[in-house]
Amino acid sequence: MESTLKGIRGCGAPGVLDVDDAATVGGGVGDTYGEDCATEDQLVTPWTVSVAIGYNLMRDPRYNKGLAFTERERETHYLRGLLPPAIVSQELQERKIMNNIRQYQVPLQRYMAMMDLQENNERLFYKLLIDNVEELLPVVYTPTVGEACQKYGSIFSRPQGLFISLKEKGKILEVLKNWPERSIQVIVVTDGERILGLGDLGCQGMGIPVGKLALYTALGGVRPSACLPITLDVGTNNKDLLNDEFYIGLRQRRATGQEYTDFLQEFMTAVKQNYGEKVLIQFEDFANHNAFELLARYGTTHLVFNDDIQGTASVVLAGLIAAQKLLGGTLAEHTFLFLGAGEAGTGIAELIALEISRQTKAPIEECRKKIWLVDSKGLIVSSRKESLQHFKKPWAHEHETIGNLLDAVNAIKPTVLIGTSGKGQTFTQDVIEAISSFNERPIILALSNPTSQSECTAEQAYTWSKGRAVFATGSPFDPVEYDGKIYVPGQANNAYIFPGFGLGVVMSGAIRVHDDMLLAASEALAQQVSEENFEKGLIYPPFSNIRKISAHIAANVAAKAYELGLASRRPRPKDLVKYAESCMYSPVYRNYR
């Protein structure tokens with residue numbers, strides 16, 4: 001985070017607030033043809049290069065309505081004979097497609113059906129996703145997207161974003177200009193080296209940016225035409241992929257060192273040159289050794305956000321803030337133990353420390369002492385400091401060496417146990433029984449994705465804690481019945497945070513991301529948890545209200561950007577929640593002239 005990143009950059013390096021006003025011009029974005037600014041009952045013309053008609057109109061996913069074209073539209077746009085005579089409403093189309101999707105027994109088939117719909121009828125795709133978010137979120141994103149990435153070469157049919165490989169070195173700006181949209185507001189980019197908990201999937205990691213940006217639109221309301229998924233193909237060290245005849249990426253080992261650094265520098269420079277200062281660049285699923293460095297290097301020169309470090313941290317902090325309303329007390333009264341000390345674990349730990357520091361006014365160095373991390377070599381302690389990676393060093397506290405999680409639980413006696421290890425079944429029965437033995441209501445967060453990599457299941461957590469755990473996971477789990485009571489596990493899904501966060505950044509015209517904006521997002525999410533949710537043991541609100549939640553998060557983030565002087569869109573709207581709602585993309589069909 002900002003405090004940690006200053007240490008990475010060096011004490012004399014500038015922070016995100018130390019920006020030159022002269023460098024913040026350009027990058028303005030807009031709804032070029034007005035189709036989303038108009039009210040839904042206004043007529044619009046489906047412009048492309050020229051007025052779209054007939055056969056071409058039906059094959060443009062942004063404007064295609066299938067059988068919902070009216071009699072007048074069929075006459076005006078030369079659609080007669082190209083469609084059956086029936087006129088079907090969008091609502092009936094939605095029911096039909098959902099019925100078809102529910103027939104598939106294999107999750108990957110559901111994923112492919114949704115991707116086909118996105119490529120054929122964009123508004124219907126988002127209508128389905130918004131109206132059935134709790135059912136379809138696991139289909140278009142985790143856990144199913146993990147399998148989709150593993151098999152991406154086999155199921156690939158049509159590019160949904162930009163693939164920029166080492167072959168394009170020296171020509172990246174030209175490649176960006178090949179993308180047909182010019183008013184880009186959000187880019188999600190990956191190099192595929194650490195896809196979920198599945199490892200190096202190379203070029204096939206494209207499923208992640210595509211899925212993330214679908215959620216930016218469905219959950220956060222950012223227009224799909226303003227979103228750009230990008231995969232940077234620098235090779236892969238996955239031998240199975242290199243030997244797979246269906247692999248779609250470069251068949252070479254990963255570029256490293258100066259070659260990698262220069263390639264990323266060219267990319268970041270080209271993005272700012274082509275899209276301006278105010279395009280949000282979200283780094284996604286980069287390996288630890290690159291993720292922190294990229295965030296530190298570009299955090300003061302670009303509008304950048306790392307969902308694995310910052311988004312995960314923000315959503316977990318929101319759950320912990322909400323848990324205090326459920327249990328009473330403050331964050332400062334807790335002791336935290338993490339299994340996993342990568343970008344997610346250290347990112348969460350740093351944001352917790354920042355929030356405790358903000359609440360107590362204590363130095364952040366003191367607040368970090370309440371937080372302990374276990375990595376593959378055991379508890380991170382001061383005697384290991386010289387051999388630790390730079391992002392782990394702030395968490396090396398004075399303590400004897402401990403080699404495993406169970407011994408660390410018994411020694412540290414945490415009140416909160418958080419898993420970001422990427423390894424399934426690591427919260428064993430002994431571990432959960434141990435933390436439950438000295439906590440009336442232990443907080444247990446098993447955050448690793450996909451479901452197979454979760455540190456424990458919901459059933460295990462509730463059973464082994466005798467129903468006392470306040471529990472949440474990274475992937476969805478079904479409700480659990482224990483001792484005659486139904487327990488509903490919460491899902492600490494980043495999708496709660498990044499769509500609303502992105503909308504807040506875009507609608508305020510923010511030029512940099514600051515830690516306080518992440519804290520503002522966490523607080524807004526925690527405020528959306530109702531008493532009814534608490535009664536079920538939930539520390540997150542239901543996803544069925546996600547657009548309302550995203551609007552409040554966007555408003556909080558935008559308010560903080562204005563407060564910090566990082567917002568460039570003036571004047572500031574009086575009611576930021578209403579303004580956020582007014583900015584949201586609507587998937588309802590438009591009537592064409």
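Placement of Cβ uses the backbone N, Cα and C atoms for every residue, glycine included.
Taken verbatim from TrEMBL:
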ACT_SITE  Tyr141  active site, proton donor
ACT_SITE  Lys212  active site, proton acceptor
BINDING   Arg194, Asn449, Asn493  (S)-malate binding site
BINDING   Glu284, Asp285, Asp308  divalent metal cation binding site
DOMAIN    118-299  domain 'Malic enzyme N-terminal'
DOMAIN    309-562  domain 'Malic enzyme NAD-binding'
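Overlay of TrEMBL feature records on the structure.
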residue: Tyr141; record: active site, proton donor; Cβ contacts under 8 Å, 6 or more apart: Gly211, Lys212, Ala214, Leu215, Ala495
residue: Arg194; record: (S)-malate binding site; Cβ contacts under 8 Å, 6 or more apart: Asp200, Asp285, Phe286, Ala287, Asn288, Ala291
residue: Glu284; record: divalent metal cation binding site; Cβ contacts under 8 Å, 6 or more apart: Val188, Val189, Thr190, Ile208, Pro209, Lys212, Asn306, Asp307, Asp308
residue: Asn449; record: (S)-malate binding site; Cβ contacts under 8 Å, 6 or more apart: Thr142, Pro143, Gly146, Leu196, Gly197, Gly474, Ser475
residue: Asn493; record: (S)-malate binding site; Cβ contacts under 8 Å, 6 or more apart: Leu137, Thr142, Val315, Gly474, Pro476, Tyr540, Phe543
Residue among the binding-site residues Asp285, Asp308 whose Cβ has the most other Cβ atoms within 10 Å: Asp285
Cβ-centroid neighbours of divalent metal cation site Glu284, Asp285, Asp308, 8 Å, sequence order: Thr190, Arg194, Ile195, Ile208, Phe283, Phe286, Ala291, Asn306, Asp307
Surrounding CB atoms that lie within 10 Å of the CB of Lys212 (active site, proton acceptor), all protein chains: 27
